[in-house]
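The structure under discussion appears below in the form of structure tokens.
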Amino acid sequence: MAAAEEPKPKKLKVEAPQALSENVLFGMGNPLLDISAVVDKDFLDKYSLKPNDQILAEEKHKELFDELVRKFKVEYHAGGSTQNSIKVAQWMIQKPHKAATFFGCIGIDKFGEILKSKAAEAHVDAHYYEQNEQPTGTCAACITGDNRSLVANLAAANCYKKEKHLDLENNWVLVEKARVYYIAGFFLTVSPESVLKVARYAAENNRIFTLNLSAPFISQFFKESLMEVMPYVDILFGNETEAATFAREQGFETKDIKEIAKKAQALAKVNSKRPRTVVFTQGRDDTVVATENEVMAFAVLDQNQKEIIDTNGAGDAFVGGFLSQLVYNKPLTECIRAGHYAASVIIRRTGCTFPEKPDFH
């Protein structure tokens, strides 16, 4: 009997993930408090918002935040695209706590305190640059059906300073500890020099640097910063709308998402040891992945439409799930599967929130 059971431990050994060290995953971005509500079309029209978009607040949106709170039933959630992804990754990883690090700028105020306590609850090692010139940033998530229109008032998030935070020895040490880096394209509007410093470090040390296209306006109005960092990007994330805008801005002359992924994959690259991978999600449609040799499509998990509560954060959650397996050097297919799993959990809840433990095997 004993002989027949012998191979078992061996099998377990192969599959048991290697123990992770703290701070193995590093993220940097705009920490925002999400103020989300289900709104009507009139509200979107009043502030000329598209149903499914991400924009930065302008003068004409000043009243929007007050009206949202006054007119609709709002929920407050700790948000910000990168911070969401980092939290989801930490949730999927579970142990050790503080496997994930997050940098960003907040104000010295109530909202800032909420973000700090929420990061601690999620076991993320958050190191915020705190300043009192601007209040903590907020993001209005205006939900209609399974669309969400995001209006970000960056405020404090916009005040992140490389020389005041990233460059400090006790902070930079955390960058050096990481093996995988993730920054949403949104942060290019705040501190492109911080993004570049981390990206260069990753390339020089053959570590994995990942970036998200984040929103159509990044490819349009922050093209220079985006393309300056692109040669350092090992894994590029985005959704179908962002991919289409990126392709148009780059003169790819195709609207086919697989072709776009292929062309983005082939853009110039600094660290030739790591060919780029491009991952484009498309809501309920297949996720498209381009590697050096092929373009593949992966079906998302079947979801009962009635169970979908809030698609805000689905893209962030996908990235978080993906990163949670990437830190273990799992194959691409496993990273995608984890991404799809995490997104499927998040869309059944309000905000980018999750149950106590994941059920991913």
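Positions of Cβ are set from backbone N, Cα and C atoms, glycine also.
When the ranges 7-15, 250-258, 268-276, 304-312 are checked against Swiss-Prot, the one recorded as motif 'Nuclear localization signal' is 7-15.
Of the recorded positions Ser48, Tyr76, Asp146, Asn147, Asp316, Asp316 has the largest number of other Cβ atoms within 10 Å of its own Cβ. Each of the binding-site residues Asp34, Gln305 was scored by the number of other CB atoms within 10 Å of its CB, and the largest score is that of Asp34. Nearest to Asp34 (adenosine binding site) in space, judged by Cα atoms and limited to the recorded positions Ser48, Tyr76, Asp146, Asn147, is Tyr76. DSSP assigns Tyr76 (phosphotyrosine) to a strand segment in the three-state reduction.
Checking Cα-Cα distances from Asp146 (Mg(2+) 2 binding site) against the recorded positions (Ser48, Tyr76, Asp316) with a 10 Å cut-off leaves nothing; none qualify. The shortest Cα-Cα distance between Ser48 (Mg(2+) 1 binding site) and any of the recorded positions Tyr76, Asn147, Gln305 is the one to Asn147.
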